[in-house]
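A.B. asks: According to Swiss-Prot, the substrate binding site annotation covers R28, Q29, A30, G31, R32, D77, Y152, S207, H321, on the basis of sequence analysis. Residues annotated as site 'Transition state stabilizer' in Swiss-Prot: D77.
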Amino acid sequence: MDGRTADSPLITAYRGGKPTRRPVWFMRQAGRSLPEYLKVREGVAMLDSCLRPELASEITLQPVRRHDVDAAIFFSDIVIPLKLAGVGVDIVPGVGPVLDKPVRTAEDVAALPQLTWEALEPIREAVRLTVAQLGKTPLIGFAGAPFTLAAYMVEGKPSRDHLGPRTMMHADPETWNALANWAADASGMFLRAQLEAGASAGQLFDSWAGSLGLADYKRFVAPASARALDHVRHLGAPLIHFGTGTSELLVAMRDVGVDVVGVDYRLPLDEANRRLGGTVPLQGNIDPALLSAPWAVLEAHVREVIKAGSFAPGHVLNLGHGVPPETDPDVLTRVVELIHSISPE
């Protein structure tokens with residue numbers, strides 16, 4: 001944990017304190033919405049851009065320079081730990097992560113290569129380069145949650161309903177647990193590499209957990225998510241847990257042992273806080289769809305989100321999902337200016 005960021009608005013809010021200004025950052029703030037990103041990425045494959053430390057660092061820094069957000073989020077991809085372990089995976093444009101061979105049997109899981117600490121050196125180097133330039137602005141490390149990683153591995157590609165992993169949990173729980181634990185250790189090591197190299201907080205993204213009911217989540221997923229975070233708890237950095245479509249899972253997601261819960265755009269923050277019993281700071285949850293609405297509509301919505309978030313023990317503004325690629329970057333800058341102009345309670 002970088003001592004220079006301890007008093008930053010972001011870390012203060014994550015710890016339930018009173019920040020000097022309202023902190024805001026955006027999921028997917030680094031990436032396709034920025035012309036400068038498209039320029040440096042030209043001719044470079046997605047996963048290659050994540051593994052070139054200078055390039056990954058530059059992409060991470062771009063939105064901080066442009067928008068004056070209160071945090072950088074490390075530019076990478078949730079399947080990078082798979083690639084670094086030696087699993088055949090690539091990002092296919094217009095599709096997403098595609099594996100050379102799905103993982104569907106006990107033999108498949110037993111044959112998975114193990115991620116090594118040495119393989120993570122490009123990640124550590126990119127983080128070191130980034131924090132050296134960020135100064136007092138915190139860098140958030142991130143990793144995909146084990147369920148989301150394992151879901152990709154079972155399906156072999158993105159899926160709408162995740163029937164494969166959901167069937168495996170019940171049909172072959174032993175194999176499922178072995179796979180979830182493999183994914184937990186890969187994710188946990190990936191996050192640990194970022195935090196040890198200087199990231200100030202860590203976020204676990206469970207993109208696909210919304211396909212699960214609460215009982216399945218608690219039984220088949222939560223233990224693996226807790227295991228992933230066990231790799232980094234000793235470092236003392238604030239930990240955030242976010243999933244999409246997870247309104248019914250928020251309490252269980254908190255209970256894997258995190259400091260902050262991210263809320264997607266579907267659930268108002270005052271209701272999320274009520275469900276969580278006012279126990280943790282919240283992050284979110286501006287609706288990305290409204291970034292393309294008239295400014296008066298977007299401004300009213302942002303103010304509404306701030307009001308709903310004021311009920312929680314702490315609030316970091318964010319979107320309720322990632323920045324859509326077609327977003328006008330000037331709108332994001334204007335949203336940041338608006339949030340910073342509203343004095344903290």
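Cβ coordinates are placed from backbone N, Cα and C, and glycine is handled just like the others.
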A.B. asks: Take the Cβ of D77 (site 'Transition state stabilizer') and count every other Cβ within 10 Å, whichever protein chain it belongs to.
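C.D. replies: I count 19 other Cβ atoms within 10 Å of it.
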A.B. asks: For Y152 (substrate binding site), name the DSSP secondary structure in the helix/strand/coil scheme.
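C.D. replies: DSSP assigns Y152 (substrate binding site) to helix.
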A.B. asks: Within 10 Å of the Cβ of R28 (substrate binding site), how many other Cβ atoms are there?
C.D. replies: 18
A.B. asks: Which residues does A30 (substrate binding site) neighbour through Cβ under 8 Å, counting only same-chain ones at least six apart?
C.D. replies: Y37, I59, T60, Q62, P63, A72, I73, F75
A.B. asks: Please report the number of other Cβ atoms within 10 Å of the Cβ of R32 (substrate binding site).
C.D. replies: 15
A.B. asks: Among R28, Q29, A30, G31, R32, D77, Y152, S207, H321, which the record lists as binding substrate, how far apart in Å are the two most distant Cα atoms?
C.D. replies: 23
A.B. asks: At the Cα level, what's the spacing in Å between R32 (substrate binding site) and D77 (site 'Transition state stabilizer'), rounded?
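C.D. replies: Each residue's Cα considered, R32 (substrate binding site) and D77 (site 'Transition state stabilizer') end up 14 Å apart.
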A.B. asks: Do me a favour and check the Cα-Cα span between Y152 (substrate binding site) and D77 (site 'Transition state stabilizer'); whole Å is fine.
C.D. replies: 13
A.B. asks: Long-range same-chain neighbours of H321 (substrate binding site), Cβ under 8 Å, sequence gap at least 6?
C.D. replies: M27, T244, D264, Y265, P288
